[in-house]
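Participant: The feature transmembrane segment is assigned by TrEMBL to A:16-33, A:54-73, A:79-97, A:104-122, A:128-152, A:173-195, A:226-245, A:257-274, A:281-303, A:309-329.
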Amino acid sequence: MNDTMSRYRTMIGHRLFWPAAVLFVMLAANTIYRPGFLSIELKDGHLYGTPIDILRLSAPLILVALGMTLVISTGGIDLSVGSLCAISGAIACMYISKQPDQNSLGVVMTALAMALGVSLVLGAWNGVLVAVIGIQPIIATLILMVAGRGLAQLITEGQIITINSEPYRAIGLGHALTLPLAIFIALAAALLVAAFTRRTALGMIIESVGGNAMASRLAGIRSGRVIFLVYVISAACAAVAGFMMTANVSSADGNAAGLWVELDAILAVVIGGTSLAGGRFFLSGTIIGALIIQTLTTTVYAMDISPQTSLLFKAVVVIAVCLIQAPAFRARFSRRRRNVPPPATIADKPKEQVPA
Amino acid sequence: MTTGTLTAGRTRFRLPRKQIPVLATLALLLVMYAIGVSQYTAFSNVQVIFNVFIDNGFLLVVAVGMTFVILTGGIDLSVGSVVAMTAMVSAALLQDGMPAALVLVIALLIGPTLGLLMGCVIHFFEIQPFIVTLAGMFFARGMCTFISGASIPITDGFWTSMSQERIGNPRGNFVSISVLIAFVVVVIAAYTLAYTRLGRNVYAIGGNPQSALLMGLPVGRTRIAVYTISGLCSAIGGILLSFYTLSGAPLIGVGMELDVIAAVVIGGTVLTGGAGYVFGTVLGVLVLGVIQTLITFDGSLNSWWTKIVIGGLLFAFILLQRLIGIRYK
């Protein structure tokens, strides 16, 4: 009896339990509402079905959220990712649209390299503002969030650039091994980030910087470089996500591409259990968070509700997940009032920002 | 503004230095105006300034509410959506034939109620303001489209008269009633922050919540109050916007929270809280308004330059705050 209780307790206490439970409940509700929800069929050598669609559409969000996870785990935040998506997509599409042969692989590669390069520079700009000049992350990236939209529109000259390039389109809609290519790109990025952070000391270094930048600097970690690095990684992830978004529709719209993706990404990270105060990060949680958000969106579409109204559901889910995860909320509503240690108040104790 | 000394830090008093950001904003505003006057003859018309106020009255009110929140070190992302929701609700209720006075009361109650709820969640459950107000933003925006997917025109007599009433001198210069309302809000807010207990608590909490708590200040009540105030200001802003556009549109005010935050920061309020003035926020809003006017006057520049310039100004002012050594926490 006691054993089952403790096992039950461990399971409930596991950081992935609640996000996974939410995802499971949402999938189950969908299946009850629409029995064909989970069915997958093979057509022309490609797999089709709602679950595949959810995976494919969540790929850009997963990418952005991966970068965001690293940034948030250092105690920062990157609001500029949406604008970066727009910029990278705009540059790539602009370059391709100017070329005589849009289908040439070389042209597409050059376009991707250029766009990625610019994004890295912009990520470095964010990194310098935060790590060298010591500006609060939320503000430092707000600059690029506001100005970046303008830059993207400047690149596309306010137009929607349409391209007709097969290789570029493949990034968003292509297939490999019966599955959409976008899933593999997101998976590869996730594995790459996971390998670099969890198989090397990098992850622990990032967490230590997020826990206390000053202490980790005194312990011999170059906090500044680590912080700089996460913003560059975040920009790179956003750039690739931008390629996917524009490739999906074969056009670049400086105004609408990646709009609100930064908010969705932050949500995915928070739902995944990473605290906004930094110090710990959970890549698997982030991916589940992104899947939850995309499942929610798809569900709402399938129920014939306008996409804007889906924000209502998003609001409910956000508050529910955050409340469930909040230590204060759990303490208040847990039936056994044991000597719960006072929950670490995140909102009340903003950590010291150390110019590194 | 004696409250400045309260937050000047444990070690040194730098009252004049603290006001440098506000003075810099003022200087920038004057320089921009001078450029406008020297470049375009029509710019020197007083009406140009009045128009900046008329076009940005609602933004001013919302920015004043945001100043309270940012002074406590929080942030309110829901303002743009609450503005839209207020305008939407008023338009929908007026369309159903409800009397204008009742609509005003209902519309003005929605914002503060949402703000109160968000403040309670932030305080009692210790969830970051960023996330809670993000949810509030989603909720309000979703409500807008839930009410109606299309824009609803307002034909009510009170609304149209408020919209068209011009208060001015015989030479033809005028302001709208919205501008007067905005001014009243600014004056009340400035008085509250500078001379009341609530205002001092706001600065104290922004300076250091722990010390404020240890000093026995009502941290929770104040924190909930600022989000309620921000909600109220957003509601007033929404009413002013519905006066201005005479309609409620579900997608109006998208991204407004960014303009508002930018205005507050350009106005010299520090985002970690504890330092800043309502007067600075007024200047910040004016800077944004004058930029837009300049770009309109120029004609050859496109609207996206507004965003780039605002981004550049944000950078310049944050750098300035950094350089003159206002301590970021």
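Just so it is clear, glycine is given a Cβ too, placed from its N, Cα and C backbone atoms.
TrEMBL labels come from automatic prediction, so no person has curated them.
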Participant: Go through the chain and flag residues at least 6 beyond the ends of the transmembrane segment (A:309-329) whose CB is under 8 A from any CB in it; none is fine as an answer.
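Facilitator: Distant contacts of the transmembrane segment (A:309-329): 18-19, 22, 267, 270-271, 273, 292-293, 296-297, 299-301, 343-345.
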Participant: Checking distant contacts: for the transmembrane segment (A:173-195), what same-chain residues at least six beyond its ends satisfy Cβ-Cβ under 8 A?
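Facilitator: Answer is 42, 45-47, 52, 55-56, 58-60, 62-63, 66, 70, 233, 237, 240, 244, 247-248, 283, 287.
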Participant: Report yes or no: does the transmembrane segment (A:16-33) come within contact of the transmembrane segment (A:128-152), defined as 3 or more CB pairs under 8 Å with a sequence separation of 6 or more?
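Facilitator: Counting Cβ pairs under 8 Å, fewer than 3, so no.
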Participant: Give the nonlocal contacts of the transmembrane segment (A:257-274) in its own chain as ranges (CB under 8 Å, at least six residues past its ends).
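Facilitator: Those are 15-16, 18-19, 22, 60-62, 64-65, 67-69, 72-73, 77-86, 89-90, 145, 152, 238, 241-242, 245-246, 280-282, 284-290, 292-293, 314, 318, 321-322, 325, in sequence order.
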Participant: Given a Cβ distance threshold of under 8 angstroms, which distant residues of the chain, six or more beyond its ends, lie next to the transmembrane segment (A:281-303)?
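Facilitator: Distant Cβ neighbours of the transmembrane segment (A:281-303) are 15-16, 19-20, 22-23, 26-27, 29-30, 33-34, 37, 50, 53-55, 57-58, 61-62, 65-66, 68-70, 72-73, 190, 193-194, 197-198, 203, 206-207, 210, 264-265, 267-274, 309-310, 313-314, 317, 321.
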Participant: Cβ under 8 Å, sequence separation of at least 6 from the ends of the transmembrane segment (A:226-245): give me the contacting residues as numbers and ranges.
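Facilitator: Long-range Cβ neighbours of the transmembrane segment (A:226-245): 59-61, 63-64, 66-68, 70-71, 73-74, 76, 78, 80-82, 84-89, 92, 112, 115-116, 119-120, 122-124, 126-128, 130-132, 141, 168, 171-172, 182, 185, 189, 193, 205-206, 209, 213, 257-258, 261, 356.
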Participant: Below 8 angstroms Cβ to Cβ, which residues of this chain, lying six or more residues outside the transmembrane segment (A:128-152), approach it?
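Facilitator: For the transmembrane segment (A:128-152), the nonlocal Cβ contacts are 71, 75-80, 82-84, 86-87, 89-90, 122, 223-225, 227-228, 231, 254-255, 257, 262, 353-356.
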Participant: Sequence-remote contacts (6 or more beyond its ends) of the transmembrane segment (A:54-73), Cβ cut-off under 8 Å?
Facilitator: 81, 85, 137, 179-180, 182-183, 185-186, 189-190, 193, 197, 206-207, 210, 230-231, 233-238, 240-242, 244-245, 258, 261-262, 264-266, 268-269, 272, 274-276, 278-283, 286-287, 289-291, 293-295, 297-298
